[in-house]
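Engineer: Mind having a look at this structure? Questions to follow.
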Amino acid sequence: MSFEKIGINSNILSALKTSGFVSPTPVQEATIPQALSGKDLIVSAQTGSGKTAAFMLPILQMLSQKPKSNNINPQVLVLTPTRELALQITKATASYGINMPWLRIATIVGGMPYRNQIRALSKRVDILVATPGRLIDQMKSNKVSLTSIQTLVLDEADRMLDMGFIEDIETIVKNTPRDRQTMLFSATIDESIARLAKKMMNNPQHIALTSSKQKHDNITQKLFYADNNEHKVKLLNHVLNESSLDQAIIFTSTKKGADKLAECLSDNGFSVAALHGDMNQRQRTRTISQLQKKQIRVLVATDIAARGIDINGISHAVNFDLPMQAEDYVHRIGRTGRAGRNGSALSLVTNEEKHKVRRIEKYIGQTISTETIEGLEPKVTRSSNDISNKRNKHRVNTSRNGLSDKNNTPRRFSSVNKTKEKMDTKNPSSIRAASKSNNNQNRKQNTSKRNNFKESIRDNKFSESRRI
């Protein structure tokens with residue numbers, strides 16, 4: 001199937017060829033003809049499936065076929081959960097509409113100069129891309145009118161609801177014409193999405209091409225076992241030096257872990273930056289821009305910070321820490337293999353994380369192959385049954401208030417905490433030490449139990465900081 005056969009006109013086809021599009025993805029093939037017919041659509045599609053083009057190409061075609069008017073109010077509204085996703089949609093739309101010089105796109109999001117947005121809204125706008133909160137602010141100030149909206153798109157609707165935008169969305173929808181076309185895109189369609197759709201849509205057509213458990217057939221998935229975090233860094237250094245690697249996103253479970261790993265990799269000569277929720281909007285924007293311009297080769301990120309990043313140049317996604325939820329694994333590896341390209345998803349795993357591997361494999365319905373790197377093979381070869389028995393025998397649950405056993409009985413380890421604090425202030429991190437030297441292997445064999453315990457604390461520095 002070609003874009004021409006599904007109804008896209010020559011002007012847009014020319015722009016698609018310039019952008020490197022060859023043939024439509026499954027979601028585009030299924031969605032575009034339905035959208036061109038004017039139907040309301042509920043589309044279940046994963047990030048990286050090509051959904052931006054699935055809704056924006058028919059929108060551009062419909063705009064090109066309508067007579068131009070002097071009405072300055074936007075005709076199309078696209079709502080997104082994050083600023084980054086809004087900017088990516090704007091950039092993609094501009095490339096699809098490069099042969100439509102009259103096309104005007106405005107982006108209304110937080111973290112951008114307020115005056116510039118007001119200036120953009122004072123002129124004619126064809127397509128408005130916005131986050132719900134900032135759009136509500138402009139509506140309250142009477143800077144924008146939605147009375148001319150002909151097409152409304154909710155992209156990543158599930159995330160917008162998760163982020164608490166339901167009231168804002170309902171307010172926005174009430175201010176648009178009732179006879180508009182509405183397209184809702186979501187990775188999952190649950191009860192909350194169904195209720196929202198019932199309120200705002202007219203006999204919607206359901207398109208479900210993939211589930212959240214999709215296998216990502218164009219992504220090669222591999223496991224590399226490691227003895228500890230020090231071993232993980234050695235494996236990571238080897239992976240990042242592969243000639244096949246263009247750009248990579250590395251996932252950690254914590255913000256502090258992202259900063260520490262980025263610092264370590266920078267010391268090892270890699271062009272790298274961290275991305276997490278403690279960074280302000282300006283820092284986040286600059287980092288993503290550097291990644292898009294290939295000024296940095298490696299991004300170390302947490303799950304929430306990386307959601308919405310859509311960059312085709314990412315060849316590798318690496319799990320330095322495996323996620324707690326199997327669904328997050330699918331979202332992570334979806335950062336690579338974009339727009340039909342091939343990608344690599346690598347997970348660095350300790351024996352203590354084997355239960356997470358089993359959970360992920362059960363969720364995605366496939367076994368992930370295990371590989372080794374010559375000279376970096378794991379020394380610890382305990383079986384999963386041994387780990388499981390040990391875990392059941394000595395189970396300890398962590399909480400914000402300290403440590404508790406499996407019956408939630410508080411246990412005090414003040415001496416351990418003092419040891420950890422002393423180590424944190426006087427010794428370099430285990431990660432940086434790992435990347436510098438392997439000389440401590442013989443010394444470890446003769447250490448006392450107290451020093452062994454200090455080493456176990458140091459190996460887990462990435463899990464000490466609070467999760468996001």
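Cβ coordinates come from backbone N, Cα and C, glycine included.
Predicted, not measured: the structure shown is a model, and the values here were computed from it.
In case it helps, TrEMBL gives these features for our protein:
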type: COMPBIAS; residues: 398-417; note: compositional bias 'Polar residues'
type: COMPBIAS; residues: 432-450; note: compositional bias 'Low complexity'
type: COMPBIAS; residues: 452-468; note: compositional bias 'Basic and acidic residues'
type: DOMAIN; residues: 1-29; note: domain 'DEAD-box RNA helicase Q'
type: DOMAIN; residues: 32-207; note: domain 'Helicase ATP-binding'
type: DOMAIN; residues: 234-381; note: domain 'Helicase C-terminal'
type: REGION; residues: 375-468; note: region 'Disordered'
type: MOTIF; residues: 1-29; note: motif 'Q motif'
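Help me understand the surroundings of these features in the structure.
Structural biologist: Look at the domain 'DEAD-box RNA helicase Q' (1-29): DSSP puts its residues at 13 helix, 0 strand, 16 coil.
Across the motif 'Q motif' (1-29), mean pLDDT in this model comes to 83.
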Engineer: Taking helix as H, G and I and strand as E and B in DSSP, count the residues of the domain 'Helicase C-terminal' (234-381) in helix, strand and coil.
Structural biologist: 61 helix, 30 strand, 57 coil
